[in-house]
Amino acid sequence: MPLPSSPSLPPADLFDAPAEPPSPPSHGPAGSSRLLQGLNPEQLAAVTLPGEPALILAGAGSGKTRVLTTRIAWLMQTGQITPGGVMAVTFTNKAAKEMLTRLSAMLPVNVRGMWIGTFHGLCNRFLRAHWKLAALPQSFQILDTGDSLSAVKRIIKAMKLDEERFVPKQVSWFIAGSKEDGLRPQDVVIHDAQSQKMVEIYQAYEDQCQREGVVDFAELMLRTYELMRDHASLREHYRHRFQHILVDEFQDTNKLQYAWLKMFAGDPADGRTAAVLAVGDDDQSIYAFRGAQVGNMSDFEREYHVRQVIKLERNYRSYGNILDSANALISHNTRRLGKNLRTEAGPGEPVRVYEATSDYAEAQWLLEEAQQLHRAGTPRVEIAILYRSNAQSRVLESALFNAGVPYRVYGGQRFFERAEIKHALAYLRLTENPNDDTSFLRVVNFPTRGIGARTVEQLQDAARASGRSLYQSVGSVGGAAGSKLAGFTTLIDRLREDTRGLTLREIIERMLEASGLITFYRTEKEGQDRIENLEELVTAAEAFVTIEGFGKDAVALPVDETSPGTIAAPLPGQPEALAAVDLLPDAETGEILSPLAAFLTHAALEAGDNQAQAGQDAIQLMTVHAAKGLEFDCVFITGLEEGLCPHENAMTEADGLEEERRLMYVAITRARQRLYMSFSQTRMLHGQTRYNVKSRFLEELPESALKWITPKQQGFGSGHAQQYQQAWQRGSGPGGIVGAGRNGGWQPAAAPPPAWAAPVPTAMAQSAAKASGHGLRQGQSVFHNKFGEGVILTLEGKGDDARAQINFGRHGTKWLALSVAKLTPIE
DNA sequence: CGTTGGAACCTTTTT
DNA sequence: GGTTCCAACG
């Protein structure tokens with residue numbers, strides 16, 4: 001199918017007309033020199049690289065994000081690129097938001113139209129635009145890991161296979177792994193009967209997802225890749241569009257992501273490519289265990305004939321002793337690209353090492369130390385406690401909890417993955433797409449309405465026999481069970497009818513009532529927390545509405561500077577600097593997703609890291625993996641014991657020890673001023689006491705940078721560290737609020753003040769004028785190429801986000817993005 | 001059909 | 001130690 005030559009994707013075209021002849025890079029507008037201020041020579045070189053493939057080896061704390069964002073701003077300000085011509089890819093939503101926030105502080109640009117996001121987020125955007133070509137329903141929903149696992153379980157059951165031989169988790173992992181290698185069922189090499197069956201399950205899973213109109217995370221990537229691979233017109237379009245592609249954390253890319261990148265950037269074997277700027281650090285590659293290929297860095301350098309490799313080795317984060325430790329440790333790894341961090345900040349304090357008698361004693365010591373740091377003036381959010389595996393957090397949590405010290409645990413269960421939230425989302429998904437069997441099964445009997453396993457089995461048989469969804473097969477079950485099922489589908493249908501045209505908030509409130517979820521949790525003794533979470537879901541929806549601007553008072557809100565991702569109340573007099581989810585319009589018709597479908601997508605893609613009350617001063621607890629990309633004044637690395645760090649499970653894998661060492665390297669380089677490392681002689685793990693030897697990594701650190709602070713006498717119980725503690729103790733005892741529990745938002749450093757004084761690029765001014773002048777009004781009749789004649793019901797938003805709700809009669813009522821949809825007014 | 005109790009499981013991660 | 005799944009019971 002040919003791609004419409006114009007308009008293509010939302011705001012891109014608004015910027016496509018070059019405003020002015022591009023200025024030579026080094027003599028850009030006056031504003032560019034201001035952008036480049038304060039960069040060191042290497043950073044400056046990276047920012048002002050010529051428009052060709054380049055690789056940046058960015059050490060920890062070397063100002064990588066600054067380089068990335070300044071590069072984009074510089075390219076735009078010197079007229080080398082329009083916002084629509086840039087793609088910037090990250091791995092986490094956090095990183096993407098950080099980039100958007102910093103960028104909008106540097107330039108008065110509407111970042112919404114820019115392709116800046118996570119791999120999966122951008123794939124989502126792409127597939128929403130080309131859903132027909134991708135053979136998906138426009139409102140396809142996204143399965144998270146749990147959804148995907150239960151889908152696999154269902155298939156294994158349906159195929160009457162032994163769950164011992166085909167462990168659902170492993171099968172799920174196999175499917176995701178295959179997809180991440182770009183392999184469809186027919187491409188997987190079969191060795192034996194076992195792998196033959198695995199492939200059959202994979203195939204059945206694919207068929208099922210396709211039938212239900214759902215995709216898992218890996219599918220987002222793979223389908224985008226295949227669509228680009230198979231359609232020359234798409235390749236042409238996007239390759240023409242994106243002249244600059246920036247990839248963050250390149251060392252974490254897997255095979256598929258690299259192939260995906262080639263699709264958008266062009267294969268150097270075929271000639272000219274986009275200017276790909278790959279930024280990465282091989283020493284921080286800690287995701288090999290889930291398919292990341294560090295080798296992509298050297299492959300990229302070779303295949304894209306990279307002429308410029310820039311090393312950012314100057315560290316702006318940590319003091320010398322911390323960096324010496326990191327450098328010494330990582331030098332034990334072989335096959336490195338080679339890099340050494342240096343600082344001009346001086347040696348700073350020594351790295352403190354502590355040996356505890358038990359995990360309990362370790363936690364107790366840590367608590368006292370952290371309290372002391374806090375009393376000495378360190379904010380709690382600047383104190384991080386890191387550990388290798390989540391299981392270690394419990395003893396730490398209980399120590400903090402008992403002492404009444406506020407803390408927050410990152411990771412663990414995420415907001416949108418909580419059972420009650422998943423139930424609520426399942427109801428919402430069913431109103432969008434009743435054929436979503438995963439959601440159907442989740443709530444068909446929750447709260448219980450007398451539909452038992454027996455009935456469900458009958459229904460599943462009927463559905464399987466006719467190749468239809470459970471919802472569609474309800475009629476084939478007779479008797480009392482049948483009418484109970486019919487009652488459920490009626491509930492869903494009625495919900496869909498009754499919520500038509502309501503706001504997101506109203507839809508969710510109505511659903512919570514109608515489904516009986518609220519009533520159920522009210523009567524449950526442990527239900528109060530769950531009700532609070534459901535209320536939080538309503539709040540999240542409300543915030544989402546505000547971000548999306550679907551509400552009646554649609555205004556673009558500035559991102560709260562103190563916590564990107566949290567949307568603050570509108571700041572009067574501030575220009576729009578909105579970094580939000582986009583409207584996800586169809587490439588051809590401009591039809592956008594309904595607010596509900598968009599919200600559900602958002603829930604799946606951003607499992608809710610911005611859900612917690614940011615701003616509370618709490619000690620930060622997280623795994624080392626979760627700490628990547630963050631920094632703190634004081635860092636505790638705990639549990640430095642053989643078997644734990646390095647983790648025993650990692651030792652069986654090839655390159656396992658080196659990855660563990662990199663993990664430790666990441667942990668060390670999180671610290672700005674003060675670093676503690678601790679280990680314990682005994683540890684309760686999985687209900688067993690283990691006697692551990694201290695980690696080999698401790699031996700790999702330079703003795704000169706360390707200071708052993710274990711007190712001479714160690715004792716019994718909590719009083720063990722008294723001597724040591726006495727020296728510290730002064731001032732008040734522990735105070736504060738009870739720990740905030742799991743899941744949360746970030747509390748990053750405040751963004752620099754926006755440089756609004758900078759000259760407004762002409763392209764921007766033009767686009768604003770062009771887009772706001774759509775000249776449409778409520779009640780007006782319009783003609784759409786696809787949907788025919790319609791009447792405008794609502795007009796919302798302005799500029800790039802302007803959209804209209806239009807009644808197209810038999811085509812239904814649709815939301816259209818005015819920047820994309822081709823509408824002709826009819827008088 | 002729904003609840004409860006006990007056995008068996010697992011314990012790097014992100015989208 | 002905590003969670004999850006299944007079997008037996010109400």
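Glycine is treated like the rest: Cβ placed from N, Cα and C.
Just so you know, TrEMBL annotations never went through curation; they're auto-generated.
Pulled from TrEMBL:
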COMPBIAS  A:1-10  compositional bias 'Pro residues'
REGION    A:1-35  region 'Disordered'
DOMAIN    A:37-319  domain 'UvrD-like helicase ATP-binding'
BINDING   A:ALA58, A:GLY59, A:ALA60, A:GLY61, A:SER62, A:GLY63, A:LYS64, A:THR65  ATP binding site
DOMAIN    A:320-629  domain 'UvrD-like helicase C-terminal'
Notebook entry, point to check: Same-chain residues six or more away whose CB lies under 8 A from the CB of A:GLY59 (ATP binding site)?
Noted result: A:ASP281, A:ASP283, A:LYS311, A:LEU312, A:GLU313, A:ASN315, A:LYS339, A:LEU341
Next item on the list: For the recorded ATP site, whose residues are A:ALA58, A:GLY59, A:ALA60, A:GLY61, A:SER62, A:GLY63, A:LYS64, A:THR65, find every other residue on that chain with a C-beta no more than 8 angstroms from the centre of their C-beta atoms, and list them by sequence position.
Entry: A:VAL67, A:ASP281, A:LEU312, A:ASN315, A:TYR316, A:ARG317
Check: By a simple count, how many Cβ atoms lie within 10 Å of the Cβ of A:LYS64 (ATP binding site), its own Cβ left out?
Finding: 22
Margin query: I'm checking region-level scores; what's the whole-number mean pLDDT for the domain 'UvrD-like helicase ATP-binding' (A:37-319)?
Written below: 91
Notebook entry, point to check: Of all the binding-site residues given, A:SER62, A:THR65, which residue's CB has the most CB neighbours within 10 A?
Noted result: A:SER62
Notebook entry, point to check: According to DSSP, which of helix, strand or coil covers A:GLY61 (ATP binding site)?
Noted result: coil
Check: Using a Cβ-Cβ cut-off under 8 angstroms and a sequence gap of six or more, which residues of the chain neighbour A:ALA60 (ATP binding site)?
Finding: A:ASP281, A:ASP283, A:GLN284, A:ASN315, A:ARG317, A:ALA326, A:LEU341, A:TYR665, A:VAL666, A:THR669
Next item on the list: Restricting to the same chain and to sequence separations of six or more, state which residues have a Cβ under 8 Å from that of A:GLY63 (ATP binding site).
Entry: A:LEU39, A:ASN40, A:GLN43, A:LEU312, A:TYR316
Check: For the binding-site residues A:ALA58, A:GLY61, which Cβ has the most other Cβ atoms within 10 Å, all shown protein chains included?
Finding: A:ALA58
